[in-house]
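Q: Before I ask anything, here is the structure I am working with.
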Amino acid sequence: MDKWKYARLAQFLFTLSLLFLETSFGLGGNKTLCLDKERDALLEFKRGLTDSFDHLSTWGDEEDKQECCKWKGIECDRRTGHVTVIDLHNKFTCSAGASACFAPRLTGKLSPSLLELEYLNYLDLSVNEFERSEIPRFIGSLKRLEYLNLSASFFSGVIPIQFQNLTSLRTLDLGENNLIVKDLRWLSHLSSLEFLSLSSSNFQVNNWFQEITKVPSLKELDLSGCGLSKLVPSQADLANSSLISLSVLHLCCNEFSSSSEYSWVFNLTTSLTSIDLLYNQLSGQIDDRFGTLMYLEHLDLANNLKIEGGVPSSFGNLTRLRHLDMSNTQTVQWLPELFLRLSGSRKSLEVLGLNENSLFGSIVNATRFSSLKKLYLQKNMLNGSFMESAGQVSTLEYLDLSENQMRGALPDLALFPSLRELHLGSNQFRGRIPQGIGKLSQLRILDVSSNRLEGLPESMGQLSNLESFDASYNVLKGTITESHLSNLSSLVDLDLSFNSLALKTSFNWLPPFQLQVISLPSCNLGPSFPKWLQNQNNYTVLDISLASISDTLPSWFSSFPPDLKILNLSNNQISGRVSDLIENTYGYRVIDLSYNNFSGALPLVPTNVQIFYLHKNQFFGSISSICRSRTSPTSLDLSHNQFSGELPDCWMNMTSLAVLNLAYNNFSGEIPHSLGSLTNLKALYIRQNSLSGMLPSFSQCQGLQILDLGGNKLTGSIPGWIGTDLLNLRILSLRFNRLHGSIPSIICQLQFLQILDLSANGLSGKIPHCFNNFTLLYQDNNSGEPMEFIVQGFYGKFPRRYLYIGDLLVQWKNQESEYKNPLLYLKTIDLSSNELIGGVPKEIADMRGLKSLNLSRNELNGTVIEGIGQMRMLESLDMSRNQLSGVIPQDLANLTFLSVLDLSNNQLSGRIPSSTQLQSFDRSSYSDNAQLCGPPLQECPGYAPPSPLIDHGSNNNPQEHDEEEEFPSLEFYISMVLSFFVAFWGILGCLIVNSSWRNAYFKFLTDTTSWLDMISRVWFARLKKKLRRAR
């Protein structure tokens, strides 16, 4: 017994000694844990790198940096002091809304000094930049490595054969480089390997499958983007190879087009739990063999655009399936049938991604999935009422039904108590948001935009975790009070735009939230400026346009948050000092103060601003201050003010300018030459000023689409560079100037030209015969698009874009008007009020897409356009006050869209062709043509109307003939009924028997309904905008 006591005492003392030595070694005095030899090796390694972001600032040989075990990214064995871990990986940083992400990478080359670290078992150098060099062979000598990650680090070349020496490796990640795989025999030596990624490598080895299956312990394999569609394993390889341990398989982006190219997956093992095949080119039916993978939990088939037939019935065998993603696969299937085929996973399924497909039907039966957490169904063709499908779903956290055709009232949302995000935008829901919304205590994002909802409940104010609320573009009405907003302490994005709401709060109300996005256009916030904005310190977007504010800017309003990006106060009646408002911050991207009562001199253009709108105000004086601008906006609109004086000649500094609108001011003098240096310019409006002199050259502005210089006093001839250099021009308006000379035929090279207005000048000579080269005018469709500028980036957490739509002053159907976005619907040529001579070229008749042609008030002779009947889209034709002669062509009657016609004051003769269309015009359309006759003018002398044709056939009794014509025989009716039943049941029978025909038929019906709905929405939206502008 005493022996055991002494033995235990000795063991205790020994352990205590070890602990004392370890503590002393690690913490005592000035003694360092780091070994000198390994410190020197690490410093040599550092010298081979370029550290632009100070990742290795803690590394050094200074006295206070001697302990290398405390350097960033270094770990040591606490007992021996040997370096065991080097972790210098970087992470991508993606700023909100950025199209690309950034990583603060190390650059340079790897030093073989790492070989001195003989106990190194963990090396992570991922997401760095090693100059597209080959992976150093010496890494294959770090034999104790268990973890090696060189992914996304700009390596290239072949994988060193020396990797076969890394027999202790459990994780090897070489993905996202530019490696070439010619030999994989080294893999068979890595008997402990559990994770392997060779993603984005260029496979040039035919026996890759055979070699990979020689790694018996492999659990996860990533071969994404390796071009495996061209390297299908042979049947012999499939028969003799397997990977029983494999659980997770990544095969994204391999250009697989059919299941035969990845059928080897089903030979590997039946134990797979996760497969991703997203971003391939799969087509046809989904392989039934997925249903044999009884352990499958995760299946991703997203972004394969040609999958047909939907979910196969074999998926009912996947009783462990937790995650299924078939988004953006163009799947056409009846949704209730799809849910039925997933019934085997009704207890396990947690995430179901079906967005961006062609699913139809209602979402009934969605409640059968008792574990469902996330359901993505946006951008389909779902219809029916939400109420039909509502049932208690206590687990659902994310539901997206946006951009469908669902209708009716919303259900009691308290049925979804776990919801964190609810997206119902762009449907046809009606009624009020249910009172039960207030019970969703975990709700963070609520989007009900673009529906027909009418009211907001006060229970909204109970959503203390709500971060984003978007109810824009509904028909909400009534008053929002403090009760609606009382507890929304987490709210950062509020969008109630384009409703009929009034926001009424007490004068000293302090909101419980700090918003990043405030979007309240068309909400009634006035007449006074909303004082609660003074409490908001973090917003990046402030849009209170159309808000019925008629007040002077308060002094506190100029103290903006430093990150403000969008400021929109347009369409109010606000007055005050603009200079204080926009000169106190450098973060602006968009400033829109248009349609207000601001006055005074032009303020300096703020630094970094991209869109700057001051139009429809009362600014006055010179704009020479623009030369002091330190920024180059993308879009600048100063139109409809009282600016005067000469235009400054400093535009060469605004190199980014794409839209410049200086119309409707009092500018005088010549157009400065520096405007011609704006190589990014797409639209230039300077109409209705008093500019004089000749046109400067815009030949460098080769992207110019709109050139509107009408209503000035410009002189000289039309320059040839318009036709040779401005080949993208779509609108050319030089109307109401003092130009002379002939119309140069070189402008016929403008194949994209849609609107040509040279009216009211002094142009002479003949009309060129090449107008049929205007390709867009030759096409009989509307191909116009608005000019659109998107401000890059997210503001708050959510994307925003800003749209610029230009206008044009044109003579359309005998009325001079301004048209917003004329490129969408106008195709016109106006050469009126000049001194043109000669005949009208017959080539004009080839312009079948032309909608308005005005050649009036010239000295043209000859006949009305030969072949004019081809111009079937023509709505307005004015050839009055010329010297045209001859008869009116008969095919003029073919122009069924023609609503304005004026051929008066010519020398036309003969009878006006007979048609309901031509006789419906007023007499003034044909007046002052001395020899023209026929309705609606006086009848032609001696004209006798043609007699009705009478059938003198065998039946000599007209009454009997009429009866025979009027009453078909009984046999006719019987055959008609039989034909209807045969056709009806024949088509219906095919739809019942053939599911693919049935799906295609219903998809056609749904597509047609969607198209009609979309068209009606577009026209309704345009009508709303016109009505708002009219107000």
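If you go along the chain as it appears here, the first residue is 1 and each next one adds 1.
Any Cβ shown, glycine's included, is placed from N, Cα and C.
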Q: So which of ASN487, ASN994 shows up as N-linked glycosylation site in Swiss-Prot?
A: ASN487
Q: If you count Cβ atoms within 10 Å of each one, which of the glycosylation sites ASN487, ASN666 comes out on top?
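A: Counting every other Cβ within 10 Å of each candidate, the maximum falls on ASN487.
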Q: With DSSP as the yardstick, break the repeat 'LRR 3' (166-189) down into helix, strand and coil residue counts.
A: 5 helix, 7 strand, 12 coil
Q: So among ASN653, ASN854, ASN894, all listed as glycosylation sites, which is physically nearest to ASN597 (N-linked glycosylation site)? Use the C-alpha atoms.
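A: Nearest by Cα distance to ASN597 (N-linked glycosylation site): ASN653.
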Q: Using C-alpha positions only, work out which of the glycosylation sites ASN165, ASN383, ASN487, ASN666, ASN894 is nearest to ASN653 (N-linked glycosylation site).
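A: Of the glycosylation sites ASN165, ASN383, ASN487, ASN666, ASN894, ASN666 has its Cα closest to that of ASN653 (N-linked glycosylation site).
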Q: Can you give me the Cα-Cα distance between ASN666 (N-linked glycosylation site) and ASN773 (N-linked glycosylation site) in Å, rounded to a whole number?
A: 37
Q: What is the three-state DSSP composition of the repeat 'LRR 13' (417-440), stated as helix, strand and coil residue counts?
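A: Each residue of the repeat 'LRR 13' (417-440) counted once, the result is 5 helix, 8 strand, 11 coil.
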Q: Where among the glycosylation sites ASN165, ASN854 do you find the Cβ with the fewest other Cβ atoms within 10 Å?
A: ASN165
Q: Within 10 Å of the Cβ of ASN317 (N-linked glycosylation site), how many other Cβ atoms can be counted across all chains shown?
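A: I count 17 other Cβ atoms within 10 Å of it.
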